[in-house]
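**Q** Sharing a structure here in structure tokens format.
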Amino acid sequence: MIYRAILKRLRLEQLARVPAVSAASPFVMMAVGVFLMLMAGGVTISTTSQAFVTCGTVGLFLLLKGRKGRGVTCFLMMLSLLVSLRYMVWRLTTTLELHSPLQAALSLLLVAAELYALLTLCLSYFQMSWPLDRKPLPLPADTTDWPVVDVYVPSYNEELSLVRSTVLGALAIDWPADKLNVYILDDGRRKSFHAFAMEAGAGYIIRDQNNHAKAGNLNHALRVTEGEYVVIFDCDHIPTRGFLKKTIGWMMADPKLALLQTPHHFYSPDPFQRNLATGQNVPPEGNMFYGLVQDGNDFWDATFFCGSCAAIRRSAVLGIGGFATETVTEDAHTALKMQREGWHTAYLRQPLAAGLSTERLMLHIGQRVRWARGMLQIMRLDNPLLGSGLRWQQRLCYLSAMSHFLFAIPRLVFLASPLAFLFLGQNIIAASPFAILVYAFPHVFHSIGTLSRVEGRWRYSFWSEIYETTLALFLVRVTIMTLLNPRKGEFNVTDKGGLLQSEYFDLNAVYPNVILAVILALALVRGIGGMMWEYHDRLALQSFALNTLWVAVSLIIVLASIAVGRETRQIRHKPRVRATLPITLIDEHGQHYHAHTSDISLGGIAARLSTEHALPTQTRVTMLYHNEKDGIDVRIPAVILFSKPGQLHLQWSVDDLDVERQIVEFMFGRNDAWSNWGDFQPDRPVRSFLMVLRSIGGLFRRGQRLFRWQAPQEAPLAESEHVEEEKLEKKSLVLKPVRRSARHGATASLIVLLGLPAAIAPSLAQAPSRATPVATEQGATPVEPPPVNAPPPPSLPQPPGTLPTPPQIAPASAGELLPAATAVSLPTGPATQQMRERLSERTGVSPASPFGDTNTGALPADPSAPPIDPADAARVADGEITRTSTFRDLGLATGPLTLRGFSPLQGLDVIVPANRVVTRARITLSGALSPSLLPEASAVSVTLNEQYVGTIRVDPEHPRFGPITFDIDPLYFTGDNKLNFHFAGEYRRDCNDLYNEVLWARISDFSTVTLTTTRIAPDRKLSYLPAPFYDPNLRTPLRVPVVMPNPDAHGMLKASALVASWFGKLADFRKVSFPVSTTIPASGNAIAIGENLPIDARGTRPTGPTLSEVENPNDRLGTILVLTGRNAQEVEVAARVLAFSSDTLGAVGTKVVNDVTLQPRHPYDAPAFVPTDRPVRFGELVAASDLQGGGFAPPVMALPFHLPPDLYSWRNRPYPIDLWVRTPGGPVVDLETSRLDVHLNNNYLDSFTLKPPSLWAAWSERLVNQHAGAVEHAAALPPWLLFGQNQLKFSFDARPIDRGVCRRTPDDIHMSVDSDSWLDFRRGYHFARLPNLSYFAEAAFPFSRMADLSETTVVVPHHIDAGTAGTFMDLMGFFGATTWYPASGVQVADINDLSEHPPQGDILILATAGDAPKFEELLTRAPYELTDGHIRVGQHMGLQGIWYLFQDHDHAGLQDGVQANLNAPIAGAGVLLGAQSPYRSDRSVVALMGDTPSRMHDLVMGLRSKEDVPRIQGDLVLRNGDRLTSYRTAPTFTMGSLPWWMWLDWYLGTRPLTLYVLGLVGAGLVAAAAVRLLRRRAQHRLEEAARVKDTTDASH
């Protein structure tokens, strides 16, 4: 055993011998196995990985399917459930898209059907996991200990010819004659039945009212008979002689056993076997239930009573008030009630009786409809899942039985689902066809394959689908109506033994499926046509192919179900049964002939003679058959109808009842008569499917094709032959059976009961007073019996020789109910008294007391812009400078400005630096105006800051204009200027349509603005900071020169980090750089950082941490900001005050400052990052005015936001947005056709209507909602579209209401996105796989995890130059721009001092390639080596290619260093490298190197380039000029944490092989534990009765 092997491995094998451990081990194994299965089944992986898993599970199944044993079967069941679990998890978590009500309804309907199918599969495996295969239990040797048994044969309207055989077979049962009573329960009250009963010696019982159909009939019989056990046979079920000997043994052995059911075997073919071409080779429909399901139910002590062929303990039925009458399936409901009271049930899988199948499909459907109604009634009225008394195993078995009859709607959904795509264009499974294939195929394959193995010879693959499809459309209405009104419906008797004079096609039975087949055929044509003639991409073609295949399979199933409707001719009154029996024939001359039968029937036999001699036809012979084992010895007269050498056909000559009895005994009495009921070939799914196809072919075979709505009627009888069935009087009557010894010379013993209210049987005299009479209608009050004072009724004449008649009973009034204490008084004989005593001794109960129950960088400068003269750039003078910029240079990156009738206003920003003033300005415009415009009414007006500049006139003959130059008054200019163009256009004189295509004007993006500016003398005060170093109006990259007299002093780096990150925070999205020099620049502004720097022109030294603005000695208009102090610590204090308290410095030029106190930072609290622990309002990210716009098509509104890139959501669940939109009130905008488009990072997300809520919703919102008047929409942000820096864009596209001709359309409308809309990232967890340099490029991660970089150590060489110091400041500026927080906590370490104080946080290496060898210790976990001016893969990564085979390959564009044979020179290149920290496994090292500081500077500047950032990935990036190459070579490690269940999902989601192995281990553990527990329970079930029997025998 597995657990023993594990304990032995752990050297704990002694524990295996401890009983408690041994008993608990299967449960531990099962718990672990279930956990592993749930873990493996609940993980969603990539489609490619799932394809590998699919191949593995299918291959394993093919490997194991040929192996025998229940252990293998249990494992394959678990494997099937594992695969199906994976499929359903994938369906529920990945493939549901509910974009429209129709799609939502269709998608959810299919998912519900699939969930039902999975539930049914699980319950089927549970039921059939371990068929008990119970064997008969021997009876006591002394027959005097055998109980009295009453055999009931209920009948209502069946033909007597059908009932005779059953009664004669029951009378022939091998049982002591004085302990066997056979009763005909005739609810039809027919005199012919009464006469037959008297003739045969059977009892005969009728009642005065037919309440509750069969159940009422049985309850009435219970009250007037006394046998300890009751056996029930339907009127067509003929028992074998050994029925009681094989069943009563278990009943006697187990006093708690209330029921022992045997199979219902049918010796005539059912409609599927008879009507389908291959039906005779297919197991009957009922074989699976009686051959497998019931045997499995017996294992769980949940055997169902099936209404016939069962032995029942009388006290058990009386204890529940009789047979159930609340539903039309009284049998199953009765068993349920007994089991609720604590009684046991059992099943013997040996057919001990045989009956007739329904002859026609319509009758079969009617019978199944009744069964379905009854089981659904039980579900609604007495649900086994609720109430007390049942064990959980029994509840599941009943749930399986009840839920089975809900199949109609799911079956119809499965058949019709492809119509949604082919006819309606609805994609109800939101996945690629390949994904559907790799998930759905193993689910279907394992289900079919495992069920084929389990069901074997009892049910063939694909035939369940045919059976269900035949019934589905009839059951849909029944299912719905019964669930809604469970008390509706009556018991209907199924006709048996009918004939068909001719073949016909029963349209009445198949017309719903004919209609469905026509629809499916049209869908098939649509699918084939779509694949062949419609244009689509590969994905659409695959969708068409998949749905066409689906509809083809559905059509095959439906056609097979239609083929069943072709009813074959049936003119044989007595069905034949194949049987080979040794017989002897004696002719009229006494000659004996030995023969063997080939088939037998109640009408005759076919036999093979052992001689070639041919007997003459019409010869009378006597057939002899002797079976000593079964006690059969018959002599039956017959006539030869057909004879040829070695073969003849005989017809029985039935002269009297004794001959008929012998015929029945010969055909049905043998104990092994039906032992071959399951002799079919084991199922093979492919062969079974071919049989289905051949059956469909039979639908089109030649023959008589008569289409009828009902069965053809037999020829009418002659008028003289019309004999109406004579009926007995509608009164109660009990005819006592005649013992076999008294049958000769006496016909019957007759008891006339004109009324039953005062009769009291001894067996019911002790009935509990609380019991309500079975005949009572539900809800009625039992009526007290009237006094017995009526005169006795007259006696019927008695035949001679009958037994004495008991006293007559006073009649009851019409409609009077039978009290619990009344019954028929039978003579008290020894057998009856013995039965009473035995009942009390063995069960401890009596009828009086029955057994009881129980989850700053911007876009780089455009290369097409005109170059700036270097001389102008370097010149510093008081003179004027003239610059010319195109509209494209000014930020118009989307092409020309286009003005339309509905969007007449467009513009752009013209920025003037704060240290300059405009002295002259002009604009030069070019473009085009629509030639259809009216010149006198159309023009484009130009304004600057709402000041008029000029007008562009329309010239229809020359649509193009320009260049046109307008001078602009310099006084119009401010810092941030709005240059606007307003279009006014008309194309006709009366009225114009704003949306007409002829209303347009375009301003070229190559139009120019020319400004002449001059510098302004600075006012050097600290309160103006960050001016003049930073101008917020400028959109160009920020360049801040820095003077560091001693860049090699590491102490100055922390102060420079504060300064650089502060400017980075200010610059935000613009690039910011810090060129470092050791001397003051020749011109412009600069920042000086160092110890003891002069703070004024006189050379005064600092007296403490000092900030001072002084004139650039080389440029009188330039300013130097000095940060100094007496030591490095004071310089750092000055920098910290500048970064955190610049607004408190005052209007002074120099100030000695005091340090500021900073609160400790927490992870992920950077001001730039959107909080992930609460919803965030849009108004927290941008001003409300930025989310408003005017006109029908206002400019795009942008919502930028930053996120930590390590956000991880459960299976990439999107993050919600609650979006509120405000639109104009009144009849201005056509809200039905207007929309709002939402984009995320330039990717389209969704479109939303502007239509407001209903009037009632709008009114109610105004009472309680702060968003009253706004329209709410729900959107979602997919995680794969989110990065460190993100931008949501909102584009309104409104349409004006059509006001008719010459009605003015307002154009001054406003629309907005409410600033109280919010984003919500609370479902995200911080978890990332590192190294990932894309995270570093997007958001400086993992260093930005702490906003102040307090867990970051920058390691630099012992000696650094100004270039390296400048790169360091560039990098700190990048961090500040990313986090919007100065780097107050960053640590700077000398590589020489690192061994003494190794950093515990994240490490950033900054060095040139020449210093790379000094950093080898920090890069020991990197897969690369930097030696000899080259970077190559280290020797320790020689086996890296093997790892690469199993890693996740979702990183597009990445190369593997091993496979690429990386060996690149570093000369002229920059290197960005990520690795795991050598000091902590959850920390990172990022190295930024280059052969020169300028290469390092280029690498840092690339981190703020929108062109470069997407190309920075993996764990290594090489930059050569503008070319970036990314590599991923080393395995990744993780940073952050997840809940354990999410971590398992993530871990297995990227490791399909591990998932596969864990799933198999889990399935194996569950299977091993299940086999052990099931085997133990099977032994207990079979030994329990034997132990009780031994105990009882010992007590006697």
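Note: Cβ is positioned from N, Cα and C throughout, glycine not excepted.
What Swiss-Prot shows for this protein is this:
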- ASP187: active site (ACT_SITE)
- ASP331: active site (ACT_SITE)
- 1-749: region 'Catalytic' (REGION)
- 145-238: region 'Catalytic subdomain A' (REGION)
- 750-1596: region 'Cyclic di-GMP binding domain' (REGION)
- 25-45: transmembrane segment (TRANSMEM)
- 106-126: transmembrane segment (TRANSMEM)
- 396-416: transmembrane segment (TRANSMEM)
- 421-441: transmembrane segment (TRANSMEM)
- 505-525: transmembrane segment (TRANSMEM)
- 544-564: transmembrane segment (TRANSMEM)
- 1553-1573: transmembrane segment (TRANSMEM)
**Q** Express the distance between the Cα positions of ASP187 (active site) and ASP331 (active site) as a whole number of Å.
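**A** For ASP187 (active site) versus ASP331 (active site), the Cα atoms are 18 Å apart.
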**Q** Provide the three-state DSSP residue tally for the region 'Catalytic subdomain A' (145-238): helix first, then strand, then coil.
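**A** Secondary-structure breakdown of the region 'Catalytic subdomain A' (145-238): 38 helix, 24 strand, 32 coil.
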**Q** Cβ distance under 8 Å to ASP331 (active site), same chain, sequence separation 6 or more: which residues?
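**A** Listed in sequence order, they are PHE304, PHE305, CYS306, GLY307.
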**Q** Using DSSP and collapsing to three states, where does ASP331 (active site) fall: helix, strand or coil?
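**A** DSSP assigns ASP331 (active site) to helix.
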**Q** Express the predicted model's confidence over the region 'Catalytic subdomain A' (145-238) as a mean pLDDT, rounded to an integer.
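**A** A mean pLDDT of 94 is what the predicted model shows over the region 'Catalytic subdomain A' (145-238).
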**Q** Would you mind checking how many other C-beta atoms are within 10 angstroms of the C-beta on ASP187 (active site)?
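**A** Neighbour count, Cβ to Cβ under the 10 Å cut-off: 20.
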